[in-house]
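Listed features, source Swiss-Prot:
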BINDING   Arg80  diphosphate binding site
BINDING   Asp117, Asp122, Asp154  Mg(2+) 1 binding site
BINDING   Asp122  Mg(2+) 2 binding site
Amino acid sequence: MPAYSTVRVGKKYSPSFKVYVTQDGKIVSPFHDIPLYMSGNREIVSVVNEIPRFENGKFEINKEEAFNPIKQDIKKGWPRFVKNVFPMKGYLWNYGALPQTWENPHEVDRHTGARGDNDPLDVIEIGRKRKEVGEVYQAKVLGSIALVDEGECDWKVVVIDVNDEKAKEINDIEDVRKVYEGLLEQTIFWFKNYKVPDGKPKNNFALDGKYMDKKFTVGIIKSAYENWCGMINSKSDTNICKENSTLMDKVDSPAIIQEDLSDEEVPECVHQFEFIK
C-alpha cells in the first residue's frame, strides 16, 4: 500500500479544524484518490479513519471542499459532539469510510427500500489499536448492518485491520461474536440510541436488524464502488467536490502547512453519561 500521511490545520474541536490526507507530500482526496481495492482480493479494502475509538467529536470527510479534508461536523454553528450513551464512551470503534464508494441518494437500495445518504460507505473497525483522524489502512471485510437514519439507507461495514493481532481469528461476522462477545449487540444499541440525548427519535434498522455476512457485504461494497464510478464521471451531483490528484481532470494539489495548535476546549457533555430507557 502507498504511504499516506496527514496535514493538520487549525485547532481540533473548532470550526477551522481540517485534516488533509497526503501521499508523497502531495495533498490527495480521501474520497476519490485512495484506491478502494489495492489488490484483486475484494475482501480486503482501504479504509480512511475519521473518528478514533472513544472520541466524541463527529469528524467526517467533507464532500464539498476541494480535496475533501476531514472536518468536524457543524450543527447550528457549533462543532458537533456525540453524547456518551451509558456505559459507552464516545464511539465504540474506529469509525471511518471506504474511499471510492458512494451511497446514491437518487436510487432506492434494493435490500432496504431506502435511498442512499449521499456519503461514502461507513466503516466500524473493531481492532485493538486506536487509529488517528485521517489514518489510512487495509482491512478485512467481516459483515455489515443496514441502519436507516432519518429515512436514508446508511450501511455500516464491519472490518478489522489486516495487521491487527486478532485478524487471523476473525474472518466473518460470526467470528466477531466468538472473539468479542457482546460487541455486536452493543453496536446495535449505540446506533439505535446515540441521537436520543439530542432530542431525536431512535434510529431503525432494515433487514430486521440482522448482521449480514462477508459475502453479502462484499456485494454491497461493489455496488457502492460502481455508484462512485458513475458519480465521478458524471457532471451532475455538483454538491460533491471531485477535485483530485490521481484521476481525470487533474488539478494542482494545494500547498498546506501543518499547524501544531492546542486543542479547543470541549463541552461538558463529553465528560458525562446519558442514560437511555
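Positions of Cβ are set from backbone N, Cα and C atoms, glycine also.
Taking the features listed in Swiss-Prot, we show where each one sits on the structure.
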{"residue": "Arg80", "record": "diphosphate binding site", "CB count, 10 Å": "15"}
{"residue": "Asp117", "record": "Mg(2+) 1 binding site", "CB count, 10 Å": "21"}
{"residue": "Asp122", "record": "Mg(2+) 1 binding site", "CB count, 10 Å": "21"}
{"residue": "Asp154", "record": "Mg(2+) 1 binding site", "CB count, 10 Å": "23"}
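Looking at Asp154 (Mg(2+) 1 binding site) and Arg80 (diphosphate binding site), their Cα atoms lie 19 Å from each other. Within 8 Å of the Cβ centroid of the Mg(2+) 1 site, not counting the listed residues Asp117, Asp122, Asp154, the chain contributes Glu103, Gly116, Asp119, Leu121, Leu147, Asp149, Glu152, Cys153, Trp155, Lys156. Cα to Cα, Arg80 (diphosphate binding site) and Asp122 (Mg(2+) 1 binding site) are separated by 18 Å.
In three-state terms derived from DSSP, the residue listed as 'diphosphate binding site' belongs to neither a helical nor a strand segment and is classed as coil.
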